[in-house]
């Protein structure tokens, strides 16, 4: 048996709660309820952690999560169970039939893949266009509201975003139908809790995991998935390369409460022994089917990097920095042929729509340095992605667009605006952007600056960057640092856009801060565990958690404590004293009167 | 003897170099020269670390640094050495004559304070207005150029900043005379290396250190000063409270290569046993003189928080979060009198100008939560600070303005623009701003987002926030994390503003990245040590530092390696192949021709 330990247990100070639906009785949305002290109303928060943070859930990694969506999918009557493709040795990077994978297969039992019954689109986009509000859409609507029944507050600069006071299933449907949002949900990943990506919803974040040829194992990767969703990753991309990727992916998928994305060209290239020139449409197509049957919910496909774009990269400071992009560029040049992903894009859509795999249109030419930001190569590819977006819509295939990389602050908005324009507001999904090249060791931070800004400007999902970016493969701690940096960035974006629910938790936090409710502060923090441990480094005693000061300033200099005295004095005595002082002809009270 | 260990030694891969002046033969500006491999030109970088990173310097903490500026100051002939004020027990928080301080005094020997000979202003502002380019101004000009003799590149959105291609002593003078920049340099801190704060110069950062009543010691504080300047702090504020603050400050000052700022009300309050109501102008005045004689280069003075502003804070979510602000508000309310710092502002200026202490106009009403951002309390005080700025200018006292706190992204620019308007473009110096309230444990990051943006919009100096903000007192590691976060933010701001030298290091870094010069990448990173240690976590072998891949993707998937092959192929074969293909009537080459 593969030994797999994953983190379970309630989130700090929180209870797993479930919200039902008025229209769909089988929809029950898991949420995190943060209980507060002092008679304060609890705060309901979006929860990506799945059953792992539910003490009542039985977790068995070898069985996987319950297939919550399976009945919804079957009830639609448009999919069929079938034998599926045989797993081949090369799927796990093995050279011949006799070789054994390093990672045992997930015990699927008699689980068989589903696909479209008659080749028609079984996508949320197809349903949305037929005016059907699916259970998934209803789930998403409830989830986005975080327990609100009305707007908490409207304050922000939305730059054209149109976020309603309260999200409804119908609104979710209309945004999907319009191509402005994507509900990533392969029919073969019924374990996922539906989520949505779009500028008129909460800003999402993605965490990349995956072994590389140099390091890491399946146990680590499954744990990284559970760990990253525990702290807020909305989707996870499995970027594994090397051997065992089929088996690792299956372990991840069967245990993942969030949609899983991949870059299929990585696996296809493994099947060709790493020789880009040996890539063929047939190998790639077979890989797509392999992954679709397993339950991958979105594929990054670098179909917009065209042969004619390659010369545009020759004088760049950092050339092509996307792995998939460089592979395709090499292929194109070798044969002097157009990118076969571009040529076969209709075929790709035809597969995607039969499983509801969304296509994440890859930015093979994203800039890898400030010097290359917003150059002709980048924008030429973006325009090609805009053409592919229209093809996806034609096929009823959900899609979103990948972007940024390294972009200085003053060039971020130009990126966002061009994407909105040429891609008809299809969701933008960006790496960072990093706002400087010299942040190595702190690139989670250098990129969180750009991520917060592009999120504000309209980007729907932010792909995290860890502190190890440019230097090595992230470990568990790095994954958490990356996730937290991006939770901060995404939330900052929601606040600035004026999301009608975003400030509720900030206000609860600040009120707790002003009232010295330390435990509430820890629990309301995005990183409850670190907040607690930092506090306890200096003041570990239990009593310090009710103290009206902290170690930053000590009791005498606590501005908040003094501020309470000021508030009391101002409320009680100000009027009286003012009256007295006014009678004596005090100057300053004239100013107050004038200001009022 | 106090045992004090501080970090010394060259910065990674770097040499301390000195740049002379054509006009001032006694000016020699220390800079950091980062040597590169592969025949690349070295990169000259701004260096705040002082003699500690110079292997040829003799460091003796008990003697302090060499008083480089002393002769320049004496040569002006406008200051006089005098006996100075006696150190009193209460300066160190002691109750009576017999008590012994916990920290022994720094051995001053026969060092006596200097002050203005005849009460006239001996400030850089006064000289600038008399058209004198002081050695300090010349030093700053050379320093700002980082070895450049021309603009490296002009690219950015300056939002009204007017940064010249190359900085000259005359430009520095004109900016100071205009009140748009401040050269903080108390005549009693001749050890400091002159630096300038202003929107038309490199964006600066400040690190706060200082013990609190709850924790830390003198050894730690001096080390934190050396440590924070090693990584890039341009100024350091000593926010010590409790006992021994006079002695701790002296140790810091005598050993500091950067200007030291304080908040004098903290010490004044200590002298009153922590009772705000017992504060008097006399105690405050005496504290100013005490600190001016020691060499403090700037004081945060909360003179713009007026009695009439206090009621504006009553309905705030987090009231008054500035320590100095809350103390003054309490005092004002207790007596129902106007803030005595406002009433005595001319007297304060009169002291400041005799030592060239700059006044940092404190924002006692900065918002402590997103809910309170940009409210009437905050902006009413900012307008009062604008009035005080004009008073400073009248007295030839250098000044800058403190701002932000917690501000969501969409309200940052409004802050900056109002400050520029009401304070005549006097330098803005902001804490963060934090763009959300729920980042506890990661508030260095939550605030670096806001800091980068406000720096871009025109803020001259960014006051760092450490990961311990809101939770506890930062230790050495936290100080470094805070400094690095702010170096990233400040540099990102310089890039976005289009500072003509900013991108040089980014481009050198990216070129090193593309050429797999790993050691150069580590050395060019803002945090050279962390970059190296992260890389070595996975690939510690010396050979990996010349490898054409890293542990992120492994050799097979290295986009940069493939990119080199693509570049070669594109350069060598593209034309030839294109020719061939064109003859055969290839579609895509028509597009290339059209694009050219």
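Cβ atoms are placed via backbone N, Cα and C, with glycine included.
Since this is a predicted model, take the numbers as computed values, not measurements.
As annotated by TrEMBL, domain 'ThiC-associated' applies to A:11-79. With helix defined as DSSP H, G or I and strand as E or B, the domain 'ThiC-associated' (A:11-79) counts 10 helix, 18 strand, 41 coil.
Secondary structure of the region 'Disordered' (A:84-115) per DSSP, as helix, strand and coil residue counts: 4 helix, 2 strand, 26 coil. The region 'Disordered' annotation in TrEMBL covers A:84-115.
Per TrEMBL, the feature compositional bias 'Basic and acidic residues' maps to A:84-98.
Annotation comment: TrEMBL describes A:208, A:237, A:266, A:302, A:322, A:323, A:324, A:363, A:364, A:365, A:366, A:402, A:429 as substrate binding site. In this structure, residue A:322 (substrate binding site) belongs to neither helix nor strand by DSSP; it is coil.
The Zn(2+) binding site annotation in TrEMBL covers A:406, A:470. Packing around residue A:406 (Zn(2+) binding site) is summarised by its Cβ count: 29 other Cβ atoms lie within 10 angstroms of its Cβ, all protein chains included.
Here the binding-site residues are A:322, A:364, A:366, and the ones sitting under 8 angstroms from chain B, going by CB atoms, are A:322. As a whole-number mean, the pLDDT of the domain 'ThiC-associated' (A:11-79) in this prediction is 96. The binding-site residues under consideration are A:208, A:322. Their Cβ neighbour counts within 10 Å are lowest for A:208.
Per-site Cβ counts within 10 Å over the binding-site residues A:266, A:429 peak at A:429.
Cα of residue A:266 (substrate binding site) to Cα of residue A:470 (Zn(2+) binding site): a span of 19 Å.
Residue A:266 (substrate binding site) falls within a helix when secondary structure is assigned with DSSP.
Between residue A:208 (substrate binding site) and residue A:470 (Zn(2+) binding site), the C-alpha separation comes to 14 Å. Remark: residue A:364 (substrate binding site) has A:302, A:304, A:305, A:320, A:322, A:324, A:325, A:326, A:328, A:329, A:381 as non-local neighbours, by Cβ distance under 8 Å and separation of at least 6 in sequence. Residue pair residue A:429 (substrate binding site) / residue A:406 (Zn(2+) binding site) shows a Cα separation of 14 Å. Burial estimate for the binding-site residues (A:366, A:470): highest at A:366, by number of other CB atoms within 10 Å.
On the backbone, the CA of residue A:406 (Zn(2+) binding site) and the CA of residue A:366 (substrate binding site) stand 8 Å apart. In the three-state DSSP classification, residue A:366 (substrate binding site) falls within coil.
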